[in-house]
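Working notes for the structure below.
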Amino acid sequence: MNIFVVNSGSSSIKYQLFRWPAEQPVCSGLAERIGQENAVITHKTLINGQERTMQQTLVLPDHEAGLREVVALLTSSIVGAIRDPAEIDVVGHRVVHGGEQFTTTTEIDELVKATIRELFALAPLHNPANYLGIEVAERLFPQARQVAVFDTAFHQTLPAYAFRYALPTRFYAEHRLRVYGFHGTSHQYVAAQAAQHLGNPAARLITIHLGNGCSMAAVRDGRSVDTSMGFSPLAGLVMGTRSGDLDPAVVLYLQSQLGYTAAGVNTLLNKQSGMLGLTGFSDMRDIGKAQAQDDPEAGLAYDLYAYRIRKYIGAYAAVLNGLDALVFTAGVGENDALVRSRACQNLDFFGIELDENKNQLRTPGLRDISRPESRVRILVIPTNEELEIARQCAQLLQ
Ligand SMILES: Nc1ncnc2c1ncn2[C@@H]1O[C@H](COP(=O)(O)OP(=O)(O)O)[C@@H](O)[C@H]1O
Ligand SMILES: CC(=O)OP(=O)(O)O
Ligand SMILES: [Mg+2]
């Protein structure tokens, strides 16, 4: 069975092609800067067990053009893995918001598509792009089964006292204003890896996904019991361009005193805040360089970023009434030793003790960076949302 996984972002498409049940993709890649003059596709192929990478710069006016180009690569006799798009049996899509309607992986039909469209209002930055990916894939792979895997689904196990806001009940009853939580596919994937590594399916875990968007989850028995993103992916941690937690009165002040419109506040908090607002850079590699040169703004931004994580660790240790492991994952969590070091600072009270030498090592795969005497394991686990999506597609359809 060939499973093609598509993760459509606002200006990018990430993809992996699996020849199931092999979990190593035969092709994978990323099309970036779609809609701009100089889009780039980076495409990897596994040839005789060796990974070969090629990159091309081209014009991709929209997602349809992007996916068409990806299909051309997949079917290429040199860097491809199939001869005909009809060889794709299943297309698995990352869909960020599934609302309360989707608590699990779902095969896509017209009704499912209509519901995803209704959810545009709840995730305006993400769901329209995901939806577009579905429509384009239906045209390019008309004979394949299309499956949606929702970021929110893993967090549908939160108890009401964790997911409700203290607003008048009608706002939940009529408008579904509540905590949904996101990055669920990633939290679920690394939590399962951690539980397996610990040999304890009931492990109490805090999973820390630090990418462009950042979120944490408290996980017990493989189920999410709380998470730091909320009604939208804006809540919680400090992120690349998003503010994370904020007194809602700040929004009122921006509007009543500083002349911001609702759209202006949206842009400010989602696209101009976070690390970008604090330092002028959203990429942690740039901020890392600046902080290594003693840039005070970068130093403060690191402290703020890590301090927010530490506060959530404390909160979730209370939620879980104890802790077996912390798990760092995604671009920053897997690569930035300074973030991990500061996030774990002064937590020995909880039995969290980082081994600074192990923290600096860059070995691939799962690694334990805690001191032997640490009561809580500190793990770095590379996430793989595409593999988790493929697994869930296979489980649904087999
Ligand atoms: N070597 C590295 N050191 C520090 N940060 C890194 C490194 N590599 C990637 N990152 C960070 O990871 C972020 C992207 O993470 P990723 O999980 O790919 O996010 P997303 O899926 O949201 O695009 C980048 O913005 C960058 O800040
Ligand atoms: C939901 C979310 O924030 O996703 P991303 O980190 O990919 O923007
Ligand atoms: Mg991501």
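Every residue, even glycine, has its Cβ placed from backbone N, Cα and C.
Here is what TrEMBL records for this protein:
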ACT_SITE  Asp151  active site, proton donor/acceptor
BINDING   Asn7, Glu385  Mg(2+) binding site
BINDING   Lys14, His209, Leu210, Gly211, Asn212, Gly213, Asp283, Met284, Arg285, Gly331, Val332, Gly333, Glu334, Asn335  ATP binding site
BINDING   Arg94  substrate binding site
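Using Cα positions, the member of the binding-site residues Asn7, Arg94, Glu385 nearest to Leu210 (ATP binding site) is identified as Glu385.
With every protein chain in view, the residue among the recorded positions Asp151, Asp283, Glu334, Glu385 whose Cβ has the most Cβ partners within 10 Å turns out to be Asp151. Cα proximity to the residue listed as 'active site, proton donor/acceptor' (within 10 Å) is found for the following binding-site residues from Arg94, Asn212, Asp283, Val332, Glu334: Arg94. Candidate binding-site residues: Asn7, Arg94, Asn212, Val332, Glu334, Glu385. Those with a Cβ under 6 Å from ligand 2, in sequence order, are Asn212. Cβ neighbour counts within 10 Å, taken over all protein chains shown, single out Arg94 as the most crowded of the binding-site residues Lys14, Arg94, Arg285. The separation of Glu385 (Mg(2+) binding site) from Asp283 (ATP binding site), Cα to Cα, is 21 Å. Here the binding-site residues are Asn7, Asn212; the one with the fewest Cβ atoms within 10 Å of its Cβ is Asn212. A distance of 10 Å separates the Cα atom of Lys14 (ATP binding site) from that of Glu385 (Mg(2+) binding site). For the recorded site, Lys14 (ATP binding site), the DSSP three-state label reads strand. According to DSSP, the residue listed as 'active site, proton donor/acceptor' is assigned to coil rather than to any helix or strand. Comparing Arg285 (ATP binding site) with the residue listed as 'substrate binding site', their Cα atoms are 26 Å apart once rounded. Around Val332 (ATP binding site), a 10 Å sphere centred on its CB holds 26 further CB atoms from the protein chains shown. Counted over all residue pairs in Lys14, His209, Leu210, Gly211, Asn212, Gly213, Asp283, Met284, Arg285, Gly331, Val332, Gly333, Glu334, Asn335, the record's binders of ATP, the longest Cα to Cα distance measures 21 angstrom. Nearest neighbour of Glu385 (Mg(2+) binding site) by Cα distance, taken over the binding-site residues Arg94, Asn212, Val332, Glu334: Arg94.
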